[in-house]
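*Asks:* Before I ask anything, here is the structure I am working with.
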Amino acid sequence: MTRYVFITGGVVSSLGKGIASASLGALLQARGYSVRLRKLDPYLNVDPGTMSPYQHGEVFVTDDGAETDLDLGHYERFTGVHATKSDNATTGRIYSEVIARERRGDYLGATVQVIPHITDAIKQAILRETAGLDFVLVEIGGTVGDIESLPFLEAIRQLGNELGPHDAMFVHLTLVPYIPSAGELKTKPTQHSVKELLNVGIQPHMLICRCDRPIPEGERRKIALFCNVRPEAVVPALDVGTIYEVPISYHEAGLDREVLRHFGLPHDAEPDLGRWRRIVETVRNPEGEVTIAVVGKYTNLLDSYKSLGEALTHGGIANRVRVRLDWVDSEIFEQPGAVARLDGVHGILVPGGFGERGTGGKIEAVRFARERHVPFLGICFGMQMAVIEAARNLAGLPGASSTEFGPCEVPVVGLLTEWARGNEIERRAAEGDLGGTMRLGAYAATLVEGSLVRAVYGDAATIEERHRHRYEVNIHYRERLESAGLRFSGLSPDGLLPEIVEYPDHPWFIGVQYHPELKSKPFDPHPLFAGFIEAAVKQMRLV
């Protein structure tokens, strides 16, 4: 029997519904239950793939090629359960599906309305592919009271009634702010937020209250009284030093016990939180510190690189060091001598991105890492910049560039619209809906024997990683570039697409066409990030 937990948020945005959902999933897993997490986003975009990183933050790509909300990254990192395209639905996608059905005549001439047609489609999205699971946790994006959220709230209200209280639970995340002038925590915002939920017919069974200090017992009982929940169901969510401490903090506050009590399940035994305690201990008590310069385009909003920042932290956990990130706008390196800012860093990372702006600075950062023997990791666009730098400065091809920036004399990076996926040829068209010409999702790569990257992957001959890009390194320049010293150490199974490059005579220099950060977890750091930080530790001891 599958049980559903619906997580909503109120008062203000950015309270951490994604972390709360992921933490509850981790706690239920620690008690032996199977879980799946889903996110419903109330915006009209079909998916976040075409949204500006400054508007939305990172686009998290799943194995099956879905471009999804960054919260799905939290779900995967906390639970280890790989998300799919079924785990993220937007208003745009729901409306597109309903309109397509109406055009096909599926509704038999009925007047198509928000209720029941849109709400039914939302319920179908929630219930899809859940057989055999113990728990499905569904996060509703946005803030209660927003007009955009109303169809989703109505859908989960209906679903709560249809499933019944033994199979459905409503959890509401709110803010209990501290007012310095009054010297006390204020419960009124939470009361009003719950009132908004009641206006749409939802009575929450539990409140998670974000606060920066403990909630006095009297205030906790006051919240319970006015919001019509048990005092034990008012769960304080205190600020902690690292997000990986949240599952422990929530358990100590009674979150998982109260959820199990609601469903009539055993809740007295202690969950196994050993791996979370070990992670927190390592983060709190590192044996050293390394500085990594992240030379990117969207550094003004760090959510644009959410998975990347977490993956670097995971690399630090694997090596028992703190990773200090120096976020650098690549455009500054287009000024003469500015690249000297990288003196003293222990590693340089150039992440993914799109467009020509800032590419000159990224190429300068690549050159600095190559010439100074500083550990380097280039991801997606970062690998392409490494190839262009090698072509211009080592292979005698000063006109080398990418066709992404316009026509060029030496297109060492270009657009491909078809490639092999398994035994089939996959084609993308610019007018298509799913990313257009984007190469999305998990693809295999073969690693060259004796290469650094093969050693990093534990001598694996074949790997599978997630991609999100339109442009590819041109295989026709392989011989020229390898003669100049840049080794093509990973290729697509058909040998036509360069996936990994490295310098054999460099202490640690790897560029990858895929996004390894999307598969890294705190309890299972990705080998590339563990290896990169290990190389940075060695660099730290040299300088």
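Each residue, glycine too, has its Cβ placed from N, Cα and C.
Copied straight from Swiss-Prot:
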ACT_SITE  C380  active site, nucleophile
ACT_SITE  H515  active site
ACT_SITE  E517  active site
BINDING   S13, K186, T187, K188, P189, T190, Q191, K222  UTP binding site
BINDING   S14, L15, G16, K17, G18, I19, D71, V240  ATP binding site
BINDING   D71, E139  Mg(2+) binding site
*Asks:* For H515 (active site) and G18 (ATP binding site), determine the Cα separation and express it in whole Å.
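*Replies:* H515 (active site) and G18 (ATP binding site) have their Cα atoms 21 Å apart.
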*Asks:* Within 10 Å of its Cβ, which one of these binding-site residues (S13, S14, T187, T190, Q191) has the largest number of other Cβ atoms?
*Replies:* T190
*Asks:* With every protein chain in view, how many other Cβ atoms are within 10 Å of the Cβ of G16 (ATP binding site)?
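*Replies:* Total other Cβ atoms inside 10 Å, all chains included: 19.
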*Asks:* Fewest other C-beta atoms within 10 angstroms of its own C-beta: which of the recorded positions L15, C380 fits that?
*Replies:* L15
*Asks:* DSSP on S13 (UTP binding site), three-state: which is it?
*Replies:* coil
*Asks:* Quick one: of the recorded positions K188, T190, Q191, C380, E517, which has its CA closest to the CA of D71 (ATP binding site)?
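*Replies:* For D71 (ATP binding site), the closest Cα among K188, T190, Q191, C380, E517 is found at E517.
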*Asks:* Within 10 Å of E139 (Mg(2+) binding site) (Cα to Cα), which of the binding-site residues S13, K17, G18, T187, Q191 do you find?
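*Replies:* Hits: K17, G18.
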*Asks:* List the Cα distance (Å, whole number) between T187 (UTP binding site) and K17 (ATP binding site).
*Replies:* 19
*Asks:* Report the member of G18, P189 (the binding-site residues) whose C-beta atom has the most other C-beta atoms within 10 angstroms.
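*Replies:* Sorting the candidates by Cβ neighbours within 10 Å, the top entry is G18.
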*Asks:* Under a criterion of Cβ-Cβ distance under 8 Å and sequence separation of at least 6, what residues of the same chain contact K222 (UTP binding site)?
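*Replies:* Once residues fewer than 6 apart are set aside, K222 (UTP binding site) is near T187.
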*Asks:* For UTP, with binders S13, K186, T187, K188, P189, T190, Q191, K222, what's the maximum Cα separation in whole Å?
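*Replies:* Greatest Cα separation within the listed binding residues comes to 24 Å.
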*Asks:* Pick the one among the recorded positions K17, K186, K188, H515 whose Cβ has the fewest other Cβ atoms within 10 Å in this structure.
*Replies:* K188
*Asks:* Using C-alpha atoms, which one of the binding-site residues G16, P189, Q191 comes nearest to the residue listed as 'active site, nucleophile'?
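*Replies:* Nearest by Cα distance to the residue listed as 'active site, nucleophile': G16.
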